[in-house]
Every structure is written in structure tokens, then in C-alpha cells.
Amino acid sequence: MVFSSMTFLFGFLPIVLLVYYLSPKKVKNLIIMISGILFYAWGEPLYVFVMLLTIVVDYLAGLLIDRFDAFPKRRLAVLIGSVVLNLGFLCVFKYGSFLIQNINDLFGTQIFDPQLPLPIGISFYTFQAMSYTIDLYRRSIRVQKSIVNFTGYVTLFPQLIAGPIVRYSDVEEQINEREISMNKIADGISIFIRGLAKKLILANNIGAVWTLVKDMDYATLPVLTAWIGILAFTFQIYYDFSGYSDMAIGLGKMLGFDFPQNFNHPYLSKSVSEFWRRWHMTLGSWFLSYVYIPLGGNRVGKLKLVRNTLIVWMLTGLWHGASWNFVLWGLYFGVLILLEKLFLGKLLQKLPRVVQWLYAFLLVVFGWVLFEMTSLSSIGSFFGALFGVNGAALFDRQSVYLFLSNILLFVVCAFCSTNLSRRIYHFVRDKWALWCANTMRLGLDVALFAVSICYVVTSTYNPFLYFNF
């Protein structure tokens, strides 16, 4: 079920919220559990059982880790078993075909590939469930003995299939005791509307530009057209993914939860390292806590620093997809971040801020080419078009038309990717009055919701890009 669909907006969501608000406190977690399972089963009626099996495995593992508190070896064995099973499910469904195809190509074998469909959100809920058992083993959280509460945590529908990746420690206290107030509900609605507008007004429209360019012949693609296309994708993936995250965070607030922030104006970054501290923050935090720091983090020699960084970024690439372009994409950012750690970061700080920003932004844009193109040949061809080495013209009539007809959309996307709107709100609040700023925000939310609903009514099914991961 997609947040930006009529079924969700005018069916599932109001019914769930009505039942949730009218129910006594002791059954609210049960409602969260049931609604999450129904939400997932709507799109995955078969693979909902894979998710439920994951939940049972980690719930039982948690009980055993707690029970064997005085037996370190047993606790470790249970943890290893749960992690292996979780990663096993993930590997079978997400990486099975990738491994079989590469083995067949490399050794000339004919191993049968069942080509299992990828369960929606498996990367997200697997990482969430694993965070529970790992943190419990580390004794940084308390065991959750209620199967209803634990299932509700994993199946919490706002963030179930595309994040943010909410660790158990993020909501441990809120599972049993959370605030549901009119102010919090109002904030949640406002954040949800902004996320909905990001997806329907910005991501879908700018994404149409990229779709047009992507289907062209890269061997004859003018330089201007190539840049228009990849910049369109740069904004599309940001507004698509951050829009979903905003909707998830807003829905969480409506239910009384405070989810961690997932994006913080990443395109304002002045280094690649800063970009990844602002982009998909919950994924970066997960790998930092459960992979990078256990490997030794930064407090190691240079060779181990290289090893740790490249391992984390290769895994980050693979987390996004079972394809060599994702491995290349992850290693690309791993190498850049490694260079910034070793010496490039200090050099960047001596440059003007605008040069730092341009450096980071262009490298991120180039990274999106690796992310979006599924073959090495298409990656090479598109880079050839970007730099004009394909022999095509700098621009033609079509590229000029594409630029002029979408320039306003690009300006709006660029403006909304900054923190200027927030600064305007704070300026009005501080210089005039709080009621004036809130009235302005309310008017904007109403307008954005009205326009978004128009898109919902007239558009066809448009899933979020990160549903594929």
C-alpha cells in the first residue's frame, strides 16, 4: 500500500487513526500490530509470512539472550544464530539470483535460478529486527517480553517498508508510554503533507524529465540534455525518498512516536563525508554502530582504516541492491570518504565555501549515474555524454526546449532542497508574531495538500524508488 494512494489516504489511514484514538491505552499496541500486518499484507499477501517468521526468530532470540544472561557463550550463540537467520532470509530473496547468475557466468555452470521476487521492505525490517537482538546482547536495551509489543515495533506501518530505520532503542520507552496530543498530531499532519507534496509535486514531475532522458540514445545525447537528465534524477531521488521519510515521521507523530530524522538538507553539504551525515542518516548510523565501530572504527592504523571504510561502503552498496553497479557505487563513495579522512578533508577546508559545495555536489551527482545505470556499458556511455566525448553536440533544439520548459521546476526543486523556507518561517516568527508564522505555514500546508490530492486523483500507481531496496 502506497502512502500517496487514494486507498491509503481516504481508506486505511483514517480508519486506523479513528480506531487507534478511540481505543483504550492497553490495546493501542495491538492495533499498531494488526494495522502493520494488514498494511504489509495488502501488497505482499504471501511474503508477509517471511516478515512474521523474522519477527518470531528475533523475539525468541531476545528471550533466550535475556534468559542466558549469566552464560556469555550461550548468549553469543543465540545472537549469531539470529543474525545468520536474518541475513539468510535477506540473502535468499535479495541476493540469491545475483549470486547464481555470477557463478553461472564465471564457471559456465547451469545452476537453476528460481528468480524469487524481492519482498518489499525486507532490507529495512531485517535491519530493524537485528538491531534489537544486537543491542539486547550488548545490554543497552531491556528485553521485550510481549510478542504484541515486539511485533508492533517491527510492523509499525509508517516506517515498515522504506524507513527511516528505527532501532528498538529509539522507541523503547515510547512502546509502553507515549504522548498523543493535539499539538503532536498537528505537527505530524503538517510533516506528512510536506512529504506527500515532495513525492507528488516535485519527485514525480522532475522524475518525468529523467525518464525522458534515460530512454534516449546516449551515443548521440547532447551534453546539455545529459546534464538536465542526471540533475533531474538527483532531485527526484531526494524528494522521493525524503518525502517518504517525512510522511513516515509525520504518521509516527500522529501515533505518538518520535522517529529519528533521516535527511538534513544533504545537497547543502560541502564534502562527501558531510553528505553522508545528512543523507539516509538512519542507515549510516546503523552501519556505524553495528559494522564500522566493531571493526575498530577510526581508532586503528591506516591500513585497517582503509579496510574498515571499504567494507562498510561495499556493504552499503549491496544493501541498496544486488547488482555490480551498486557495489561500484558504494566503493566509489567509500574511496572518496577515505581520501577525505586521510588528507583531502583538510585541503577542502582551505577552499572557498562555494568551491567546497560545488566539489561535493558534483561528486554526488556523478555517484547517481553509478546508482541508476544497471550496466557498466551504460555508465560509460552516459559519462561520455556528460563530458561530450561521445561526439554529440553541446546542445540541440530538443535540449534547449527541455531546459526552458523545466527551468521553473528545477528552481523550485533547488530552493526546496535548502533550509531557506525554515529560515523564512523563523524570520516571520521572530520579527512579527508566532501566530503570523503559523498562519502562513497552515496556509501553505492546505495549499500543498489540495494540489497533492489533485495529483493523487489524476495519477496512476507511482511507488517510491526505495521500495526496491
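The backbone N, Cα and C atoms fix where each Cβ goes, and this holds for glycine too.
No curator has checked TrEMBL annotations; they are predicted automatically.
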- Taking 26-47, 400-421 as the choices, which stretch does TrEMBL tie to transmembrane segment? 400-421
- For the transmembrane segment (218-239) and the transmembrane segment (442-461), check the count of CB pairs under 8 Å (sequence separation 6 or more) and say whether it reaches 3 or more. no
- Beyond the flanks of the transmembrane segment (328-345) by 6 or more, those residues with Cβ under 8 Å of it: 271-273, 276, 298, 302, 305-306, 309-310, 312-318, 320, 363, 367, 370-371, 376, 379
- Sequence-remote contacts (6 or more beyond its ends) of the transmembrane segment (400-421), Cβ cut-off under 8 Å? 198, 202, 205-206, 209, 212-213, 224-225, 228, 231-232, 235, 238-239, 265, 267-268
- Considering only Cβ pairs under 8 Å, which range in 6-22, 77-96, 357-388 makes the most contacts with the transmembrane segment (442-461)? 6-22
- Message: Which residues of the chain, 6 or more past the ends of the transmembrane segment (357-388), have a CB below 8 A from one of its CBs?
- Response: 214, 218-219, 221-223, 225-227, 230-231, 233-234, 237, 266-272, 274-275, 320, 323-326, 328-329, 332-333, 336, 348, 351, 394
- Task: With a Cβ cut-off under 8 Å, give me the same-chain residues at least six positions beyond the ends of the transmembrane segment (6-22) that come close to it.
- Result: 28, 31-32, 35, 38-39, 42, 157, 180, 251, 254-255, 453, 456-457
